[in-house]
Amino acid sequence: MPEALVPTTPDEQRVHFTEKSWELSFDGSCTRKSSGTGVVPVSPAGELLRCMFYIMFKISNNAVEYEAHIAGLQTALDVSSSVKFGPKRVCRKPETRDSSSFTAMARELKVLNALDAAKTQWYHFTAIVIAGMGFFTDAYDLFSISLVTKLLGRIYYFNPDSKTPGSLPPNVSAAVNGVAFCGTLAGQLFFGWLGDKMGRKKVYGMTLMLMVICCLASGLSFGSTAKGVMATLCFFRFWLGFGIGGDYPLSATIMSEYANKRTRGAFIAAVFAMQGFGNLTGGIVSIIISAAFKARFDAPAYEDDPAGSTVPQADYAWRIVLMFGAIPALLTYYWRMKMPETARYTALVAKNAKQAASDMAQVLNVEIVEEPEQAEELARREQFGLFSRQFAKRHGLHLLGTTVCWFLLDIAFYSQNLFQKDIYTAVNWLPKADTMSALEEMFMIARAQTLVALCGTIPGYWFTVFFIDIIGRFVIQLGGFFFMTVFMLGLAIPYHHWTTPGNQIGFIVMYGFTFFFANFGPNSTTFIVPAEIFPARLRSTCHGISAAAGKAGAIIGSFGFLYAAQSTDPTQTDAGYPPGIGVRNSLFVLAGCNVAGFCFTFLVPESKGKSLEELSGENEDEEAETSAGADYTTAPAAPA
């Protein structure tokens, strides 16, 4: 705010403009200060000008808008354009100015405006493919393990005296299925934080190479005993998950910061939708590998020849399936390294608006020239941190909403996805294990998962892509939780009906609809929204925190459902497992998680059609400070 207009005599007043030591008097003259006070007589034009100043200062309390007013007045008064004027501020709380003015300056950066208004063009699709192939690999690696766990049990835990094929002990099965999620959780937190500190691009390459190396190493797991092989496999799958974890916040943040505000949701959803193709490809690769090995090394059913039902060559089948996931990730490494850093990170976090404009000018094929004054002003800004009171006030409930919704969703989603094979067997959609050979069982499980992915998973993802910028994130997430609850209750309440012969197809259809509304619902929106609603300097970190909460839910789902889904009858449980609550009661628990997710969705704001800077919430803080400005700034004297 300007210095108060202080009357010196009844006929004289003055106003100071301190930048470059120039003084502007009310009659329009301009003189350099040397000595004296610069007092000028009041004229009719000066009185009118003073009233105009007073109105302007009431409307605006930031330097950017004020400079625009001064420029216009300079022209009107025919003052030399080489002379610049700035208001002399007298503030009792100057430290609050920096964070509140940050978004106003961000709005003035031409590169951000160009990104928000950019038409959909080739570089958008390139970014989708580059980021999406990472998610393709993520899904393939995370879910392909469920296709080979039955085979691992037959190979490494065969018991010739048992009437049923070998299976992984409960603790080993839990570790093999869940250890990657532990690594993913750690990776989401670590790489999410690192992405805000070092930049998205620098960290992006690290995560991809870690995924490629550990994917290959998982297939090369070695050991002289079954325990040694499983321990090695778990070790490499933990670090594989660590790399996958980094891909979540970085891919989402990069795509959100590259996209325009009109189609941002569809672009981020398209990256996430590659998970569906990764899941589908895992099933297809498993079908091809198991069918090829079965054709080359035919084997009898377990009930006919327990030892001969698992051929030695089957040990190669699961390794090839796991190692295949490294191929698509490796193919996109070069293009990830060629991507420029996102303009929003460069301008708003690294505070190099000139470099951001240069990078995006090449990408958008337009000329973008940033004003040096704006860039310098931006570099001087100070922003609040993650653990500050300002963040808790502005984004605390938002972060609570995104973390809890993702946590609850993943309990339901991953417990279903990882243990599809158990549910299929429970409803007699798969033949009993002892009537098949090891490779035949792998083929049947892969075929079932491929069918569900093709009919339920992939359509849900792409419905989100097509509709998210039309009906919004909030409605899709709310509707997804609602219909997941409905279909899970539809499975659980008449569960005994679905398990009777002739009704299995109906069960699979209902089960497929739960996946459809998970993906055309919270499984997509919980990934998208955290990449939009937080400030650029904390965006990757907050997305990583939200995603890590989701993986905590996945760990609970993968470990907990393993035990919970066991039959209540001790004689019907899998070998080594205590009695559980059964599949039916487990579905009731998962339906309850969906109800809770429905309620917490109301903490998450709608982000459709808004710029990322607007969604940061700093506009509201700035407006609040404007209205409270008189409490801590010196106001101009009222016109006479």
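Counting starts with 1 at the first residue shown.
Cβ from N, Cα, C; glycine included.
Since we're looking at a predicted model, the values are computed, not measured.
Noted in TrEMBL for the protein shown:
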- 125-152: transmembrane segment (TRANSMEM)
- 127-609: domain 'Major facilitator superfamily (MFS) profile' (DOMAIN)
- 172-191: transmembrane segment (TRANSMEM)
- 203-222: transmembrane segment (TRANSMEM)
- 266-293: transmembrane segment (TRANSMEM)
- 316-335: transmembrane segment (TRANSMEM)
- 397-415: transmembrane segment (TRANSMEM)
- 451-471: transmembrane segment (TRANSMEM)
- 478-498: transmembrane segment (TRANSMEM)
- 504-521: transmembrane segment (TRANSMEM)
- 542-565: transmembrane segment (TRANSMEM)
- 585-604: transmembrane segment (TRANSMEM)
- 611-640: region 'Disordered' (REGION)
- 615-625: compositional bias 'Acidic residues' (COMPBIAS)
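Comparing 125-152, 172-191, 451-471 for CB pairs under 8 angstroms to the transmembrane segment (316-335), the maximum falls on 125-152. Against the transmembrane segment (478-498), the recorded stretches 125-152, 172-191, 203-222, 451-471, 585-604 differ in Cβ pairs under 8 Å, and the greatest number is found for 585-604. Here the transmembrane segment (542-565) touches the transmembrane segment (585-604). Their Cβ atoms form 3 or more pairs under 8 Å, with each pair 6 or more residues apart. Long-range contacts of the transmembrane segment (397-415) within its own chain (CB-CB distance under 8 A, at least 6 residues past either end) are made by residues 181, 477, 481, 484, 488, 518, 522-523, 526-527, 529-530, 533-534, 542, 545-547, 549-554, 556-558, 560-561, 586, 590, 593-594, 596-597, 600-605. Regional average pLDDT for the domain 'Major facilitator superfamily (MFS) profile' (127-609) in the model is 87.
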